[in-house]
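Written below as C-alpha cells is the structure these notes are about.
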Amino acid sequence: MREESWEEHDTIQLTAQRKYLAEVQALETLLTRELSVFLTEPGSKKTNIINRITGKTYALPSTELLRLYEHLEQCRKQGALMYFLERQGTYSGLMLDYDLKLNTNAAPPLESPALSRLCHRIFMHIKNTSVLPEGSHKIHFFFTLKPEVVQGKYGFHVLIPGLKLAASTKKSIIASLQHDATVQKILHEQGVTNPESCLDPHSASVPSLLYGSSKLNHKPYQLKTGFELVFDSSDPDYIPIHQIKNIEAYNLVSELSLTNEQGSLVKPVYCEADIAAEKEEEIPVDDHSLSILMLHDPEARYLHKILNLLPPEYYVEYPLWSNVVFALANTSANYRPLAEWFSQKCPEKWNTGGKEKLEKLWNDASRHTEKKITKRSIMYWAHKHAPQQYKEIVEQGYFSILAEYVYSYNGTLEHYMIAKVIYAMMGNKFVVDVDSNGKYVWFEFVLPGQPMNQGEIWKWRKEVNPDELHIYISENFSRVMDRITEHIKYHLSQPHETNILNYYKKLLKAFERSKSKIFNDSFKKGVIRQAEFLFRQRSFIQTLDTNPHLLGVGNGVLSIETIPAKLINHFHEHPIHQYTHICYEPFNPENPWTKLLLNALQDIIPELDARLWIMFYLSTAIFRGLKEALMLLWLGGGCNGKTFLMRLVAMVLGDHYASKLNISLLTSCRETAEKPNSAFMRLKGRGYGYFEETNKSEVLNTSRLKEMVNPGDVTARELNQKQESFQMTATMVAASNYNFIIDTTDHGTWRRLRHYRSKVKFCHNPDPNNSYEKKEDPRFIHEYIMDPNCQNAFFSILVYFWEKLQKEYNGQIKKVFCPTIESETEAYRKSQDTLHRFITERVVESPSAETVYNLSEVVTAYAEWYNTNINVKRHIALELSQELENSVLEKYLQWSPNKTRILKGCRILHKFETLQPGESYIGVSTAGTLLNTPICEPKNKWWEWSPNPSAPPEKEASAPTP
C-alpha cells in the first residue's frame, strides 16, 4: 500500500489519538461531563455547535464557547483530527467558499498582493450592499487554503468573522461578487479556469467548519494569511489594508469563528440595517445524518464506497435505482441516508419528486419482504462493473475494521474482534441460523471453483463445521493483519514526539502477540463460536426453498415462474438449499436422447390424449406449491413401462423433490395422533411421490386417501421429533398390477382420482399382428435410466410440458381434454362404487320431468337395483341417504318446503327403458359403456398437439429414431 494513503484513515487516527494525546482526552471530558447540559435536539434552531463525530449538537453560551475554542486550539496545535462545525446564526461573519478548477495539479500561488486586491474588491461589495456603522472600524480577512490539488481541483475560503451580517445580506454580497470582472481577472491570473462559477452561492447559510476541523478523510484547510482593513465613515475613500503580523500567537479557532464576539484580535462590527431587520430568515441546520452514520458504522462507510462504483444507470433508470433502494432498506433501516445520498446523484430526478418516490419505495421495502435483495446484490453489481476498484475497496474495509480494534484495545485482539472482521470479509458467503433442535447451523453459498457435490453450485450448502472459515482465518486473515503491522511501522518511521513513538512501540509489541493466535486451533474455534452470533440470520432456515417456482438444478437455479423457464446460473439472493443433480437444458426435440424418450413415451402410452394428459400431470412435479387435488392410479400387468416412467421422474427430481412412498401409507390404518409417521413425512416439501408394485386386491384407506389428495395443511412427525404442519404439494401416482379397492361412495374423493390402464406390453418376441406388443429394450431399465444425458433430456421434457400447460391451459390439469382417462376413470369408479354405477345407468338428467322424488324413493330404487344386479343384502336407509347426498346427484338434490331432501330435474329409468328427447345420462360415459379410444395412428411431433374436444387429433407419426 502507498505510504501516503495511510493518512486517509481518519477513523483509525481518531481512535489512536485518544490514547496518546492528553489534549484530546481533555476535550472529550469537557464534552461529555460539562457541556452535555447544553445538548440540543437535532434540527433545533438554538444549535450553534455541531460535533460530526458523535452527531451531537449544542447551544453553548459565549463563556462555554470560549472554553471549547481553547480546547480545540490545543488539539489543533497537536495535529489532532477534529470535525466541529458552527451554525451561522441570524447575524454572523461572512464566509466565501471558492471551488477552483485548474489546468494543472500545482496549487496557484495566491500571494499577498493578489489576496490584498481580492480583499479590497470584496469589501467594496460589502460597502455597497450593507449599511456600515459610523466611525472607524477594523475588518479582518483570513484566507484558508485547501492542503493540496486533487485531480485539478483546489479551493480556498475567505473568512470575515468580525463583520456581523444577516443571511440575506450575505446572499446579496455573494450574488454581486459572482459577476465582478476584477475578481474574475484576479482568479484567472492565478490559473483558475472557472472564475465565473467558482464561488459557492450556498456559503451564506451552510454550517462552517471551525478552523482546524475537516470533513471525514479530508485534511483541514490551512491558514495562508490574514489582512486588517480599516474603514472610517468620515473618509470612505481611504481604505488602508495591511497584513496581520504574528498571527499564530492568537487562538485561531476563536478568532476565525464566524459567531464568536469575544476575540482578542477580531472585534465584532454590526451593520445597522441588519440589526434593524426583525424578521430575518431562519438559517437551516444541515442534516449530517450520512456523515454521522459513516463515522459510527464501518459497514456504512464501506457501502458508501461500493455504491460509488455503480455506473450512472443505477441512479438514473428507475428499475435499477429501485433495486438499490430495496437492497439498502433490506440490509438495515439505518441506511436511509445512504439511499438519499445515492438518489441525489441524479439531480434532475431528485428535484422532480425524487424524495417522495424514495419515501414510498423505502416504506414498500419494509412492508414487502418478498423482494428480498440486500447488500449482497450491491456487492455483486459493483464487482461486475468495476472488479479491480471493488477489490481494493473491499480489502480497505477489512483493514479499517481491524485497525479500529487494534488501536482501541492497545493491540490485543480477542475472539469477537476477529469474528467481527471475518463477518465483514465473509458475511455475504455464510449464514447461521438455529434449527428446530436449538443448534446453530452454518450455511455456505457455493460459488464456482470451490470443492462441491454436483448440484450445489449457486446454492446454500449446509455445513457441519465451516471448514473454509477455519482455513481462511489462518491463510487469508493473516494478510490483513500484516497490513496493520505495516501501518504501525509507518507511524514509527514518522518524526513524532517521544510519547507518541513509545505508544506505537507498545502497540506493535502487543499486536504481534495477537497475530500468532490465528494459527491456534482452540483460538479459532472461539472465533467461530463468536461468529455464529454475527452471522446469525433469524428465520433463514424457514425461508429456505419456500418459493415453489424455484428449483435447484445441477447448473444453478431454475425459475418456472415465467414462461419460458429461466436458468439462474449467476449470483442471486434466492434462499435455495435443495437441488437435483440434473442440469437444465432447454427442450430440444432434435437432441438424440430427447428423440429416444419421446419415442418411448409414445410406445408406453399409445393413446395420444392420455399420453399428453399424463405428461402434463407429471410435469407439475417440478412445482412444489398447492396444486389441483388429483391422484393418478395406474393399472398395468407388468412389462408395460409404467415403473420405468415413474422411477425416471423420481430420479430426475432427486430425493429433495421426489420420494418413493411405502404403499402401506395408503393401505394401513391411520396412526394415532401421538405416533410418528416417517413415511408420511416423506411428502413434506416434495413435488412428486409415487407408489408401486402392490399386492393383489389392496384396499385403500379412504381417510388417508382423502387427506393426501385434498389441498390444505396436514400434520405428522418424524421419530423423536415435534409434530409439524405442512401443505400437501406432491404430484402423486400409485401404480399396481392389480386394481385397488376403494370402498367409498364419496363423490368428493372420487372426483380427485384419475385412472389409466396400460395397454402395451414389452416382450422379447412381440406378436407382429398385435399392435399392443412392443419389442423390449433392457437398456431402458439397466442403462438409460442411469445415464445423465437421458435424465437431462427427460427433465427438459418435463419443463416443456409445464410451460405448455401454463400457456395453453392456464396451468390447470382439469382443463386438459382427455376422453381416454375420463372414460377409464368412470369405468373404474363404477367397478368399485355400485351406487355410482346405479346412478350412471338408471338416473338421467331430465329438465322437463315433472316427477319429483323423495330421497327415500331413490334409496328404495337403488336397493332394488342392487339386489337384482349385484347381491341380495340388507340396506340401511340412513347410510344410503347420506351416501346419495355425497354422490354426483348432490347438485340435483334440493330441500322441500317440509325440510326433506328431494331429487328434482332427474328421472329414474326402469329396466330396458330408453331416454326421452332432451334427456341425458349423468356422468361422462354413455349408458355405462366405455368410450371407444383406439390407438392413435402416427402424427408428426405429437408433443405439440393440444387436446381440444372440438378438434379431434390428427394422425400421428413416430418421432424419428436417434
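Glycine is no exception: its Cβ is also placed from the backbone N, Cα and C atoms.
The following features are taken from Swiss-Prot:
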- G636, G637, G638, C639, N640, G641, K642, T643: ATP binding site (BINDING)
- 607-775: domain 'SF3 helicase' (DOMAIN)
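Less than 8 angstroms from the CB of G638 (ATP binding site) sit N737, K761, each of them six or more residues away in the same chain. Taking the binding-site residues N640, T643 in turn and counting surrounding C-beta atoms within 10 angstroms, the largest count is reached at N640. Report note: the ATP site is defined by G636, G637, G638, C639, N640, G641, K642, T643, and the residues of the same chain whose CB lies within 8 Å of the CB centroid of those residues, excluding them, are N737, S758, K761, F762. DSSP assigns K642 (ATP binding site) to a helical segment in the three-state reduction. Sequence-distant contacts (6 or more apart, same chain, Cβ under 8 Å) of G637 (ATP binding site) comprise N737, S758, K761. The 10 Å shell around the Cβ of K642 (ATP binding site) contains 24 further Cβ atoms across the protein chains shown. In the three-state DSSP scheme, G637 (ATP binding site) is classed as coil. Of all the Cβ atoms in the protein chains shown, 16 others lie within 10 Å of the Cβ of C639 (ATP binding site).
Here the Cβ of G641 (ATP binding site) has 22 other Cβ atoms within 10 Å, regardless of which shown protein chain they belong to. Averaged over the domain 'SF3 helicase' (607-775), the predicted model reaches a pLDDT of 87.
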